[in-house]
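Novice: Feature annotation from Swiss-Prot assigns transit peptide to A:1-29. Per Swiss-Prot, N6-acetyllysine is recorded for A:LYS63, A:LYS244, A:LYS336 (among others). Annotated N6-succinyllysine per Swiss-Prot: A:LYS63, A:LYS244, A:LYS277, A:LYS313, A:LYS385, in sequence order. Swiss-Prot lists A:TYR118, A:ARG119, A:GLY165, A:VAL167, A:ASP196, A:GLY197, A:ALA198, A:ASN225, A:HIS292 with the feature thiamine diphosphate binding site. The Mg(2+) binding site annotation in Swiss-Prot covers A:ASP196, A:ASN225, A:TYR227, and the record cites similarity to another entry as its basis. The phosphoserine annotation in Swiss-Prot covers A:SER232, A:SER293, A:SER295 (among others) and is backed by similarity to another entry. Per Swiss-Prot, phosphotyrosine is recorded for A:TYR301.
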Amino acid sequence: MRKMLAAVSRVLSGVAQKPASRVLVASRHFANDATFEIKKCDLHRLEEGPPVTTVLTREDGLKYYRMMQTVRRMELKADQLYKQKIIRGFCHLCDGQEACCVGLEAGINPTDHLITAYRAHGFTFTRGLSVREILAELTGRRGGCAKGKGGSMHMYAKNFYGGNGIVGAQVPLGAGIALACKYNGKDEVCLTLYGDGAANQGQIFEAYNMAALWKLPCIFICENNRYGMGTSVERAAASTDYYKRGDFIPGLRVDGMDILCVREATKFAAAYCRSGKGPILMELQTYRYHGHSMSDPGVSYRTREEIQEVRSKSDPIMLLKDRMVNSNLASVEELKEIDVEVRKEIEDAAQFATADPEPPLEELGYHIYCNDPPFEVRGANQWIKFKSIS
Amino acid sequence: MAAVAAFAGWLLRLRAAGADGPWRRLCGAGLSRGFLQSASAYGAAAQRRQVAHFTFQPDPEPVEYGQTQKMNLFQAVTSALDNSLAKDPTAVIFGEDVAFGGVFRCTVGLRDKYGKDRVFNTPLCEQGIVGFGIGIAVTGATAIAEIQFADYIFPAFDQIVNEAAKYRYRSGDLFNCGSLTIRSPWGCVGHGALYHSQSPEAFFAHCPGIKVVVPRSPFQAKGLLLSCIEDKNPCIFFEPKILYRAAVEQVPVEPYNIPLSQAEVIQEGSDVTLVAWGTQVHVIREVAAMAQEKLGVSCEVIDLRTILPWDVDTVCKSVIKTGRLLVSHEAPLTGGFASEISSTVQEPQFGNSISSESPWGRINRSCASQSLPPSHGSVFLSS
């Protein structure tokens with residue numbers, strides 16, 4: 001009896017060490033899933049669009065919340081590191097646009113392909129890389145995903161083709177990847193993203209034509225965050241209906257701040273492409289809180305009130321959180337706990353990114369060509385030589 | 001400084017190889033050996049990361065053009081554009097973000113002064129910008145197009161090479177787009193990496209029909225830009241972006257012209273000719289000063305200014321005098337413009353007797369890393 005009591009008391013004291021919220025969670029009953037209404041998408045050359053209601057499971061909801069919060073915290077940490085001059089060069093942040101990267105990933109398979117321009121940290125994460133690798137790449141260390149040689153604009157992962165500096169140039173590349181998908185016959189699609197500024201580049205229209213002509217499984221996605229650097233869409237485009245700019249390509253305009261809307265639209269678009277009907281165009285209406293890059297304060301071409309309004313009314317993380325709490329899919333405390341875990345993960349990653357050594361100078365000449373045997377590259381004068389291997 | 005040590009090393013090797021002439025003077029000069037590192041020691045030192053550095057060296061205040069004002073490079077460009085728009089009612093300026101003043105502030109105040117019909121933004125489409133500019137120029141109006149970074153000029157390469165450069169020739173002089181000038185920030189800036197650091201002058205040097213100009217300072221920039229705008233041929237004017245704020249000089253307020261296709265001998269010398277353009281001119285000037293001080297070598301420094309068509313006479317005359325040539329540029333080595341210069345000066349019709357008897361040659365090029373993209377700017381330049 002005494003042994004039993006001792007055992008019970010030990011177990012109880014163990015339980016008491018857990019934070020109070022955990023105990024609360026264990027005793028509270030959550031719904032498994034809930035149905036939500038989502039905004040109807042504007043359609044171009046389509047009879048039907050994505051559904052206007054969707055089911056969100058508790059598990060998925062928590063996953064999306066965690067992913068969006070991780071992207072948000074990671075971008076804010078990058079901002080901090082940049083201001084401390086630990087990250088140098090160029091840095092384009094995507095906080096505010098989390099629903100786009102997480103929602104797109106939720107609508108496709110890991111075997112599908114994705115390519116975008118330089119506002120790519122969120123996509124790098126959703127496509128499978130860890131925050132450590134991303135932050136270390138930003139700080140230019142050898143633990144980075146491109147071994148410290150790419151930086152903010154050149155991050156790559158499996159089935160994620162970057163990370164491209166010249167806007168618009170990635171779109172014909174995306175069409176090419178889609179051709180490979182069709183050729184390989186594995187039912188994969190390619191998501192080819194570009195911004196509202198790049199939407200006016202000529203090569204995008206060339207890619208539209210090729211994709212439509214050859215019925216490539218390419219989902220063209222315009223991430224419209226209303227400003228191309230400092231130029232608002234009205235001042236740059238004769239037609240701001242980006243989802244219609246594919247002309248002969250069907251299109252849909254999606255609320256890019258609502259992750260469920262993005263997910264459903266992506267599923268719809270992916271199904272369209274996989275059925276062999278050819279390319280489709282999606283315009284995600286979204287918003288970025290930061291300026292174009294870290295050297296842009298972001299308030300000379302838009303008002304602080306506008307930024308505040310979007311933050312308070314349409315913040316993607318807030319929208320998901322409210323939905324989940326109000327439908328009893330999760331509790332406020334549980335989500336707060338996720339926040340704490342995410343913060344810790346980011347802190348650890350930042351520590352790693354700051355402490356990791358830079359790539360050695362010997363590697364400067366690597367990977368110029370695919371070369372066997374190695375050859376020598378001349379430096380700034382004929383006595384500096386770098387070995388180039390690949 | 002790496003460039004100096006490298007240059008000094010080259011000179012020493014020349015001497016060791018038994019090069020004649022001025023080297024006999026050096027034999028008794030008591031070179032300070034401590035300063036000159038051996039190649040292997042240098043090689044090890046080069047592996048340490050060095051911060052690219054140069055010091056802008058202003059020219060003396062010009063007196064022949066009237067009242068002057070202290071200006072940096074972007075202000076000098078604004079002044080030139082202001083003069084152009086005032087003088088020429090057909091002149092228009094367009095490009096990405098030029099209306100509010102431009103990302104480098106080169107067009108600040110111009111829209112307010114001349115109106116939104118004459119200073120306006122274009123969407124993000126370089127090929128469109130240049131093609132559009134050619135069209136304006138063909139009607140006779142003066143078109144001043146801005147490409148936001150020289151790294152972005154490549155979508156417009158076809159328009160420049162196939163349309164702008166060949167318009168006059170293919171129409172038998174019936175049409176031309178000579179009143180087109182394309183301005184673009186150019187060159188390394190330290191943190192620019194692959195797509196904000198390029199020096200593409202060599203790509204355009206291969207194309208007859210256009211002119212390519214690179215200034216080294218605010219005074220040069222204003223005069224050369226005004227000449228480009230008034231020149232009756234399509235011109236590309238590359239502005240070294242690192243000099244926008246770093247270069248400050250006294251610049252005349254009134255318009256003035258500096259002739260194109262004329263190189264400038266900034267400093268006379270007798271032992272070796274150093275040729276450069278843009279930012280690198282200041283590096284070379286520093287090298288020349290150090291060479292004089294530490295090695296007693298007298299360098300003739302030439303700023304090429306116009307890359308195409310380039311001033312062959314001035315450079316060759318100088319090389320005939322000194323017998324040695326070093327060309328230095330930020331762009332990569334292979335196919336860089338230094339190769340054109342070094343090959344031309346060796347041609348017999350230019351009357352010089354340079355030959356490559358010595359194993360180290362009498363012509364050298366100090367350029368950015370062959371084949372390396374400028375992703376790590378400081379190591380890339382290593383000067």
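Heads up, the Cβ atoms here are built off N, Cα and C, so glycines get one too.
Computed from a predicted structure; not experimentally measured.
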Novice: A:SER232, A:SER295: which of these modified residues has the highest Cβ count within 10 Å of its own Cβ?
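Specialist: Of A:SER232, A:SER295, the one with the most crowded Cβ is A:SER232.
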Novice: Which one of these recorded positions has the most other Cβ atoms within 10 Å of its own Cβ: A:ASN225, A:SER293?
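Specialist: That would be A:ASN225, with the highest Cβ count within 10 Å.
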Novice: Filter the recorded positions A:TYR227, A:LYS313, A:LYS336, A:LYS385 down to the ones within 10 angstroms of A:ASP196 (thiamine diphosphate binding site), Cα to Cα, kept in sequence order.
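Specialist: Checking each Cα against A:ASP196 (thiamine diphosphate binding site), the hits are A:TYR227.
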Novice: Sequence order please: the recorded positions A:GLY165, A:ASP196, A:ALA198, A:ASN225, A:LYS244 that have their Cβ under 8 Å from a chain B Cβ, otherwise just none.
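Specialist: Qualifying residues, whose Cβ lies under 8 Å from chain B: A:GLY165, A:ALA198.
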Novice: Taking the Cβ of A:ALA198 (thiamine diphosphate binding site) as the reference point, list residues of the same chain whose Cβ is under 8 angstroms away and which are at least six residues distant in sequence.
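Specialist: Listed in sequence order, they are A:ALA117, A:VAL167, A:GLY168, A:VAL171, A:ILE204, A:GLY228.
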Novice: Express in Å, rounded to the nearest integer, the largest CA to CA distance found among the thiamine diphosphate-binding residues A:TYR118, A:ARG119, A:GLY165, A:VAL167, A:ASP196, A:GLY197, A:ALA198, A:ASN225, A:HIS292 named in the record.
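Specialist: That value is 18 Å for the farthest Cα pair.
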Novice: Cβ within 8 Å of the Mg(2+) site's Cβ centroid: which residues qualify beyond A:ASP196, A:ASN225, A:TYR227?
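Specialist: Nearby residues not in the site list: A:GLY195, A:GLY197, A:GLU223, A:ASN224, A:ARG226, A:GLY228, A:SER232, A:VAL233, A:TYR287, A:ARG288.
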Novice: Using DSSP and three states only, what is A:TYR227 (Mg(2+) binding site)?
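Specialist: Assignment for A:TYR227 (Mg(2+) binding site) reads strand.
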Novice: Could you check which of the binding-site residues A:GLY165, A:ASN225, A:TYR227 is the closest Cα neighbour of A:LYS385 (N6-succinyllysine)?
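Specialist: Going through A:GLY165, A:ASN225, A:TYR227 one by one, the Cα closest to that of A:LYS385 (N6-succinyllysine) is A:GLY165.
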Novice: Fill in the CA-CA distance, A:SER232 (phosphoserine) to A:ASN225 (Mg(2+) binding site), as an integer in Å.
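Specialist: Pair distance, Cα basis, whole Å: 9 Å.
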Novice: Between the recorded positions A:HIS292, A:LYS336, A:LYS385, whose Cβ has more other Cβ atoms within 10 Å than any of the rest?
Specialist: A:HIS292
Novice: Cα-Cα separation of A:LYS244 (N6-succinyllysine) and A:GLY165 (thiamine diphosphate binding site), in Å?
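Specialist: Computed Cα spacing between A:LYS244 (N6-succinyllysine) and A:GLY165 (thiamine diphosphate binding site) is 26 Å.
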Novice: Taking the Cα atoms as reference points, how far is A:TYR227 (Mg(2+) binding site) from A:GLY165 (thiamine diphosphate binding site) in Å?
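Specialist: Cα to Cα, A:TYR227 (Mg(2+) binding site) and A:GLY165 (thiamine diphosphate binding site) are separated by 17 Å.
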Novice: Tell me which residues of the chain lie with their Cβ under 8 angstroms from that of A:GLY165 (thiamine diphosphate binding site), as long as they are six or more apart in sequence?
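Specialist: Result: A:ALA117, A:TYR118, A:MET153, A:HIS154.
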Novice: Where A:LYS336 (N6-acetyllysine) and A:LYS63 (N6-acetyllysine) are concerned, what is their Cα separation in Å, rounded?
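Specialist: About 14 Å separates the two Cα atoms.
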